[in-house]
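Feature annotations, courtesy of Swiss-Prot:
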| type | residues | note |
| --- | --- | --- |
| ACT_SITE | Lys75 | active site, charge relay system |
| ACT_SITE | Ser150 | active site, charge relay system |
| ACT_SITE | Ser174 | active site, acyl-ester intermediate |
Amino acid sequence: MHAKSLTELRAALAAKECSAVELAQHYLKRIDAARDLNAFVHVDADLTLAQAKAADAELARGAGGALTGLPIAHKDVFVTRGWRSTAGSKMLANYESPFDATVVARLQAAGMVTLGKTNMDEFAMGSSNENSAFGAVKNPWDTNAVPGGSSGGSSAAVAARLAPAATGTDTGGSIRQPASFAGVTGIKPTYGRVSRYGMIAFASSLDQGGPMAQSASDCALLLNAMAGFDERDSTSLERDDEDFTRHLGQPWAAGNDAGKPLAGLRIGLPNEYFGAGLADDVRATIDAALKQYEALGATLVPVSLPKTELSIPVYYVIAPAEASSNLSRFDGVRFGHRAAQYGDLLDMYKKSRAEGFGPEVKRRILVGTYVLSHGYYDAYYLQAQKIRRIIANDFQEAFKSCDVIMGPASPTVAWDLGAKGDDPVQMYLADIYTLSVSLAGLPGMSVPCGFGAGANAQRPVGLQIIGNYFNEARMLQVADAFQRATDWHKQVPAGV
């Protein structure tokens, strides 16, 4: 049962081959048996089965929609009533929210059944899921490797088939990079497309929620429920509702030959994504995927994104600056861990934050406070914002000659657990291909397209697909065409 995609599970429920309760029980058993992966931080079988029973009642009445009764796991950055909501931090280790995040509420309203909360890098700050207060997550493909981050628990859960789908968030690549490392499909929508209400904030001008699942078609189904205007989120964009599945299985242009469904599609290949720093095995795998697109009728077009390298320093000025402000609320008074012993109020603030936050979060708070301080604001923060606008303009220039942009989601396959923990700069460099997309607010996704070579032969590679603003439906169409022609997204780790 767990090998089935969301679409296949929906058909199984409709045909009464299984019930929502049976589905939930099956996945709960798998989660319990795979505790060593550490993908989940909180599971409550009673809450899950109660939701499943309600879904079965809906289905029995002939009601319900496309997602009714289907299980999903939520990244622990989305507050979820009934489950703990920790953001992977000791600071919120015992926090229980009195309300659901909009993303959670919409998926529950669509009839989905929550399996539990997935592990993550603390406050979504990290690229390996080693920064969690609840321990590192292991990659199901190779348990000596990281699953990516910060949505590593979600990517590992979907890869190990502990859940058919999961929510994630992406600030600088935290859906796309773990999707690449774990061999699953994940999409970061256009900034403002999915509500941030109830999503514990890291960097408010960058954070965006999105789905992770086996396939592009599954992600499209989930995005139908997740996306939409929310008046409680000041960054939410008012757009007409759309069906993200509407182009799936359709030719790129009317009249295309069945063997060349993507004829007319122009794929931009940034020179900067294929230069120094890209591992040879990743390059070979991406090249093979691009040849598959050519076989489907697409045309490859060279483009340039000249400020790609600057995306790293720009991101690591802007994101920590916003984080230092957002995380100031966690002081042990109203929110977060409070030190057991302290002398006065100031001492309580110091000790509570020192005990509650992990090393990477402290590092970014310090960086953010520095770049916002008097004398440095103009030199760092304002300059970073100017370059951010240039990066966004570079993408618009590139889209004049192509419909989508493609390249690797990460310069390497997943690295070994502990390999980069002592060198944060090396960890930051792993996001070079995803950061600029986030800075521009564009939609991007990663789809499985093969594996590394040699010692990395069991470590997945993801192809990144980047679209222009609000072009998710076309991006999903392009990804779906690739997945109809290949089976990389159907492959699973040994033993699964």
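Cβ coordinates come from backbone N, Cα and C, glycine included.
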Open item on the list: I'd like the Cβ neighbour count for Ser150 (active site, charge relay system), meaning other Cβ atoms within 10 Å of its Cβ, all protein chains included.
Closed with: 34
- [ ] Work out how many Å separate the residue listed as 'active site, acyl-ester intermediate' and Lys75 (active site, charge relay system) at their Cα atoms, rounded off.
- [x] 11
Open item on the list: What's the number of neighbouring CB atoms sitting within 10 A of the CB on Lys75 (active site, charge relay system)?
Closed with: 32
Task: Where Lys75 (active site, charge relay system) falls in three-state DSSP terms - done: strand
TODO: Rounded to the nearest Å, what's the C-alpha distance separating Ser150 (active site, charge relay system) and Lys75 (active site, charge relay system)? Just drop the number here, would you?
DONE: 9
TODO: State the count of C-beta atoms found within 10 angstroms of the C-beta of Ser174 (active site, acyl-ester intermediate), not counting that atom itself.
DONE: 37
